[in-house]
Amino acid sequence: MGYFKVKNSILNGNVRISGAKNSALPILAATILSSEKLEIENVPDLLDVQTMIEILRKIGKKVIFENNKVTLNGTVENHVVPYDLVRKMRASFNVAGPLAVILGESKVSLPGGCAIGVRPVDYHIMGLKKLGFEVEIEHGEVYIKKGKKEKEVIINLPFPSVGATEHLMTTAALMEGTTVIENAAMEPEIVDLQNFLNSLGAKIQGAGSRKIVIEGVNSLNGGSYKVIPDRIEAGTYAIAIAATGGKGYIEEIIPEHLEILWEILKETGTNVIIEKNRVFVDGEGKKRGININIQPYPGFPTDLQPQILVYLSLADGVSMVVENVFKNRFHHIDELVRMGADIRVVDGTAIVNGVKKLSGTKVEGTDLRATAALIIAGLVAEGTTEVHNDFHVLRGYENIVEKIRHLNGEIEHIV
């Protein structure tokens with residue numbers, strides 16, 4: 001396994017944001033529903049995307065991925081998704097429902113992904129059963145068989161799960177009758193998935209609200225679609241520029257997708273100027289502590305919690321960050337403490353006492369966003385930091401070394 005060697009740097013300049021990983025993956029899973037030619041543009045070249053493409057190839061789709069464009073043709077033929085692919089990421093489970101819709105059955109292993117606490121597929125399975133599927137779990141495998149769906153089905157999610165909302169919305173698109181998802185997740189990536197499916201002839205409305213209504217259609221057409229920008233990547237670079245005391249533009253983004261982050265940065269002493277499709281961040285000022293509640297969208301995203309903790313670790317005063325989405329998402333704190341941060345966790349709340357400096361050392365990333373946060377910590381720390389378990393970041397950040405270097409950051413990828 002490789003690692004990143006990171007040195008103290010002030011980030012300055014402009015960074016162009018890639019397409020959203022968390023849109024591209026469910027959109028690619030949804031291509032199972034169409035046998036026509038599809039072109040998906042602005043797809044980031046990431047390990048997770050490569051894994052999803054390999055899954056689609058294994059089940060029969062013809063896929064070409066070049067220059068951030070995925071071209072797909074053909075129908076699915078194989079209802080079994082291999083364990084060695086599914087174990088690599090959670091989003092792979094989203095092929096289970098669509099595959100069973102087309103072939104009448106599917107067999108998918110329970111998924112892997114980031115180790116950040118309990119992320120059960122229970123909500124997915126509950127919803128699939130509501131849609132009339134028979135679901136059995138044996139020896140880590142999920143067997144799904146298509147049954148008879150009622151004309152009108154209401155699925156009330158116990159928690160606004162992004163993955164379950166996307167999975168059930170996609171699955172219901174080609175199922176007869178009406179499906180209503182209550183307490184749906186509201187993330188922009190769900191709106192993007194709805195727009196993609198509707199561009200092919202689906203009849204879905206309400207994405208972006210707590211209630212999504214799907215009127216089943218018989219088939220989906222082909223077409224072209226462009227994935228939205230990655231708001232989490234945008235937020236990561238905005239926090240990195242601010243934390244290092246630099247200045248720069250986050251470009252080719254949809255600023256309203258990160259309104260809560262811009263507010264937090266402003267309140268803590270970072271200057272933020274919002275333009276049409278880019279945001280200017282000036283982190284030269286002194287930073288102040290703040291309290292943050294991590295919540296589903298439109299609240300502060302859990303996928304930016306590790307990064308904002310690094311930023312707050314050098315802010316004056318005390319900050320409290322309450323994690324309400326993934327209660328165990330604090331594995332990065334031990335590594336930050338080793339670098340000199342003063343952070344402790346009490347009942348799902350990170351209490352941060354700002355310090356004057358962090359010091360470089362060897363650290364290990366435990367998941368995608370935690371590893372990105374440790375790279376930011378390496379940029380603000382004195383000396384050199386080695387961030388190990390590079391594969392985590394390669395799952396979710398396209399060209400991260402090149403982009404940080406373009407901002408005048410000192411980083412090297414040792415393979």
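Placed from the backbone N, Cα and C atoms, the Cβ positions cover glycine too.
Taken from Swiss-Prot, the feature active site, proton donor applies to Cys114, supported by sequence analysis. What Swiss-Prot lists as phosphoenolpyruvate binding site is Lys21, Asn22, and the listing cites sequence analysis. Taken from Swiss-Prot, the feature UDP-N-acetyl-alpha-D-glucosamine binding site covers Arg90, Asp303, Val325, and the record attributes it to sequence analysis. The 2-(S-cysteinyl)pyruvic acid O-phosphothioketal annotation in Swiss-Prot covers Cys114.
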Across all protein chains in the structure, which of the binding-site residues Lys21, Arg90 has the highest Cβ count within 10 Å?
-> Lys21
Give me the largest Cα to Cα distance among Arg90, Asp303, Val325, the residues the record lists as binding UDP-N-acetyl-alpha-D-glucosamine, in Å as a whole number.
-> 16
Residue pair Asp303 (UDP-N-acetyl-alpha-D-glucosamine binding site), Asn22 (phosphoenolpyruvate binding site) - Cα distance, angstrom, rounded | 11
For Val325 (UDP-N-acetyl-alpha-D-glucosamine binding site), what residues in its own chain, 6 or more apart in sequence, show a Cβ-Cβ distance under 8 Å?
-> Ile294, Gln295, Pro296, Thr302
What does DSSP say about Val325 (UDP-N-acetyl-alpha-D-glucosamine binding site): helix, strand or coil?
-> coil
Under 8 Å by Cβ from Asn22 (phosphoenolpyruvate binding site), counting only residues of that chain that are 6 or more apart = Ala91, Val162, Glu187, Glu189, Asp230, Ile232
What Cα-Cα separation, expressed in whole Å, is found between Arg90 (UDP-N-acetyl-alpha-D-glucosamine binding site) and Lys21 (phosphoenolpyruvate binding site)?
-> 13
Looking only at Cβ atoms, how many others are within 10 Å of the one on Asp303 (UDP-N-acetyl-alpha-D-glucosamine binding site)?
-> 23
